[in-house]
Amino acid sequence: MPPYRSRTTTHGRNMAGARGLWRATGMKDEDFGKPIIAVVNSFTQFVPGHVHLKDLGQLVAREIESAGGVAKEFNTIAVDDGIAMGHDGMLYSLPSRELIADSVEYMVNAHCADAMVCISNCDKITPGMLMAALRLNIPVVFVSGGPMEAGKVVWEDSVKKLDLVDAMVAAADDHYTDEQVKAIERSACPTCGSCSGMFTANSMNCLTEALGLSLPGNGSTLATHADRKRLFVEAGHLIVDLARRYYEQDDESVLPRSIATFSAFENAMTLDIAMGGSTNTVLHLLAAAQEAEIDFTMADIDRLSRRVPVLCKVAPAVSSVHMEDVHHAGGIMGILGQLDNAGLLTTSIPTVHSETLAKALDHWDVTRTNSEMVHKFYSAAPGGVPTQVAFSQERRFDKVDTDREKGVIRSKEHAFSQDGGLAVLYGNLAEDGCIVKTAGVDDSILKFSGPARIFESQDSAVLGILNGKIKPGDIVLIRYEGPRGGPGMQEMLYPTSYLKSKGFGKACALITDGRFSGGSSGLSIGHVSPEAAEGGTIGLVREGDIIDIDIPNRKIHLAVDDATLAERRAEQDAAGWKPAEERKRKISTALKAYAAMATSAARGAVRKLPD
């Protein structure tokens with residue numbers, strides 16, 4: 001049996017000094033020998049998705065100690081992508097994922113912790129902690145802060161649901177008065193929690209359920225609802241049990257790499273495609289798979305995208321449906337149940353809470369079980385009261401939405417689309433692939449051709465859109481915004497929001513080697529690989545070049561002959577792969593260090609050290 005890692009610092013005469021320090025943290029004689037569990041929190045007052053986590057770490061810690069473990073809490077950083085959006089702050093968002101993963105590794109290995117409970121929530125925090133968990137491969141349970149309630153505003157004598165994107169779109173639309181914009185702004189984000197649609201944060205928290213590393217309901221139970229407290233209480237007890245099974249019973253099946261296997265990654269990506277998740281999840285799953293030493297690639301994502309239907313449409317794809325509605329329909333277990341019915345999942349694999357995913361679905365899928373507890377759990381409703389307090393309300397719907405024909409979650413037979421919610425496109429513009437969230441693309445523009453309007457940065461693209469330089473039929477091309485070229489691979493939520501505000505949501509396309517917010521919709525193609533800074537063809541496009549986009553056939557083509565491209569490449573090699581226009585962008589030492597090691601989006605934008 002493997003010894004408890006913590007014995008390195010708690011046993012033996014030579015560890016008297018270390019034990020003295022442990023005692024100064026509150027440990028007593030009877031604690032030496034118990035599993036030491038790291039409570040990896042991410043509380044910060046900067047981020048609404050994390051503002052309520054301060055007390056939740058201690059809640060988990062108390063449950064760990066009541067179950068016979070020793071809990072030691074620390075915090076990681078957390079960047080709010082919405083606040084960092086639209087300025088140089090966004091350069092730091094994706095690199096923060098690596099910093100979070102490293103900081104978890106540093107703390108856990110430096111102090112020889114035996115296991116972890118990861119309390120995450122927003123965009124880069126869950127992926128960073130996931131990467132660390134698979135890197136360390138010690139028992140872990142994920143429990144996130146939960147989604148925000150959707151905002152509501154009275155508009156033209158009716159109640160309209162809102163989210164963060166509505167505020168951005170309205171602010172750029174001259175048809176809205178200042179008073180209307182303020183009303184939307186004040187109502188869009190009413191509570192603590194991760195932004196209310198199927199944006200990156202909620203997508204990733206949902207995927208932890210499919211990977212088997214979190215409890216049912218983790219991705220969909222509202223941050224404000226009292227039911228969410230149970231997840232934190234159970235996580236504290238569960239992690240002590242997992243630690244004992246591994247260290248005392250030599251049960252390796254509880255380790256994250258035994259749970260998050262290749263099949264589990266397939267399940268997670270299948271879920272992502274079916275629910276129209278954020279394109280950022282592709283980056284994060286690819287990165288996490290590399291930490292787990294699993295050969296899960298863009299080719300696998302392409303393969304899955306061709307056979308998985310869209311079973312659930314959530315904001316930004318459908319403005320009236322938010323995470324609270326997904327939970328009301330049975331949550332992630334409800335979607336996984338329909339995917340299983342369609343034969344699209346591997347359910348023989350374990351989870352942290354069940355022997356197999358199949359057994360978990362039998363217990364938690366509301367269309368399979370008559371359990372009053374399960375149906376009550378998924379009837380949790382929004383409270384409708386602005387608050388930053390977790391577990392502060394107990395409202396419920398009268399019954400769960402089990403309609404799989406016209407409800408929020410559909411069966412394969414009644415899918416929103418038999419074609420998946422994400423697609424990988426290949427062609428001479430993206431030899432290693434690029435990603436489009438097809439769930440947010442109108443059917444009328446699944447095939448699109450138009451002239452490229454070149455912008456060497458997100459900033460210049462925003463100015464171009466707002467100043468009327470884009471017209472219907474154009475393709476906005478933003479380059480040198482990849483992991484290395486940005487650096488940091490900025491999200492392009494403002495350009496897509498402004499195109500929508502100008503009425504071009506179905507009339508233009510946007511292509512970039514950067515990435516998109518989970519809140520983006522429309523014909524938005526990102527993650528173009530190789531990126532411009534790596535010598536990708538996107539760096540050779542000239543103003544007015546025609547680009548052909550064919551989503552049904554998974555193609556993207558720059559209509560320039562090979563000989564001309566070769567001439568341009570020779571010119572660019574001589575000039576250097578850098579933006580044609582100087583950018584007023586201060587690149588710090590920290591960002592330069594990230595850029596020096598960053599790989600392309602096709603590899604998850606992970607760092608690669610020189611040989």
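Just so it is clear, glycine is given a Cβ too, placed from its N, Cα and C backbone atoms.
These numbers come from a predicted model, not from an experiment.
In the three-state DSSP classification, S517 (active site, proton acceptor) falls within coil. Around S517 (active site, proton acceptor), taking its Cβ as the centre, 30 other Cβ atoms fall within 10 Å, counting all chains. Per Swiss-Prot, the feature active site, proton acceptor maps to S517; the stated evidence is sequence analysis.
Marked as Mg(2+) binding site by Swiss-Prot on the basis of sequence analysis: D81, D123, K124, E491. If you take the C-beta of D123 (Mg(2+) binding site) and look for same-chain residues 6 or more apart in sequence within under 8 angstroms, you find V79, D81, S93, F199, T200, A201, M204, N280, G518.
The Cβ of C122 ([2Fe-2S] cluster binding site) lies under 8 Å from the Cβ of V47, G49, H50, A78, V79, D80, D81, S194, A201, each on the same chain and at least six residues away in sequence. As annotated by Swiss-Prot, [2Fe-2S] cluster binding site applies to C122, C195, with the evidence given as sequence analysis.
Marked as N6-carboxylysine by Swiss-Prot: K124. Less than 8 angstroms from the CB of K124 (Mg(2+) binding site) sit A78, V79, D81, S93, L94, S96, R97, I100, each of them six or more residues away in the same chain.
Cβ neighbour count for C195 ([2Fe-2S] cluster binding site): 31 (other Cβ atoms within 10 Å of its Cβ, all protein chains included). In this view, the densest Cβ surroundings among the binding-site residues D81, E491 belong to E491, judged by other Cβ atoms lying within 10 Å. In this structure the alpha carbons, written CA, of S517 (active site, proton acceptor) and E491 (Mg(2+) binding site) are 5 Å apart. Cα to Cα, E491 (Mg(2+) binding site) and C195 ([2Fe-2S] cluster binding site) are separated by 16 Å.
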